[in-house]
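Positions annotated as domain 'G-protein coupled receptors family 1 profile' by TrEMBL: 19-265. Annotated transmembrane segment per TrEMBL: 6-30, 37-56, 76-98, 119-141, 186-207, 219-240, in sequence order.
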Amino acid sequence: KVQVFLYLAVFGIIMTVVGNFLLLSVIFLARTLHTPKYMIVFNLALTDLCGSTALIPKVLDTFLFDNRYIVYEACLSYMFFVWFFLNVQSWTLVIMAYDRFIAICFPLRYHSIVTKPAIAAMLLSVWVVLMSISACIVGLLDRHSFCGSLVIQNFICGMGSIRNLACGDTSLISNIAEVSFVLNPILPPVLIALTYICIAIALSRIASPKERLKAAKTCTSHLILVAVYFSPLLYSSLIFDIDRDADIILSILPDMPPLLNPILYSLKTEEVLNCIKRLCVLKRAYFAKLQ
């Protein structure tokens, strides 16, 4: 059963790359989508694409070609990129929640608060801070030697797995790991929950049920991504008595939101669908002229 799930996951990751590349192309080419909201969606699609690209090669090598070995330097770089992009994804979901919070709770001030420079500053801060923490952890791990077993009981080079194999004092790494644990997966879902409590209070004050439902619908795509992303991540982080097969499945599940992202923000969004249709018409007109 786990093997079947893994093959489906590999297929899903490949489709993720295709879907997010198409979504990135549409947002880049359609000027009407050059808004703060779609800057966040573009960033999410970019991190989804980069994260999946970092994950795919080793997953394919392990499960399609049964190669269970990885060199030490590749393991560290693999750990850095996979966990860095997972962290960026989670904080991008926080910024999305902030966007929905301002749009529903302060609709008249939305365009003055949620501006392109403000969103760009938030996204840049997320990239810089998380990259610094990830680089610091990997750098500290690289300073340690390994005097025992070199077998990791997972297909992902996890920070905890490598730290447990290291010799000497790893207290500094443990302290930084605790900060990283708070930054993801603890703090983001807490912040998202707080924003949706405020959104729920704001929606309860809207007199018209129709307007209330219309406003709530703008949050459904984001809520689906949050639920699918954080549920397995929190479960695997907080529950320690997990067998190996369950651990592998839970390690893969956080990579499912990148597959949902292009579907939720393209096929289910009228704005993006209209841009796709317009781009198709322009493409046909261009090729018609060439003929």
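Glycine is no exception: its Cβ is also placed from the backbone N, Cα and C atoms.
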Winner by Cβ pairs under 8 Å against the transmembrane segment (119-141), considering only 6-30, 37-56, 76-98: 76-98
Model confidence over the domain 'G-protein coupled receptors family 1 profile' (19-265) (mean pLDDT, whole number): 80
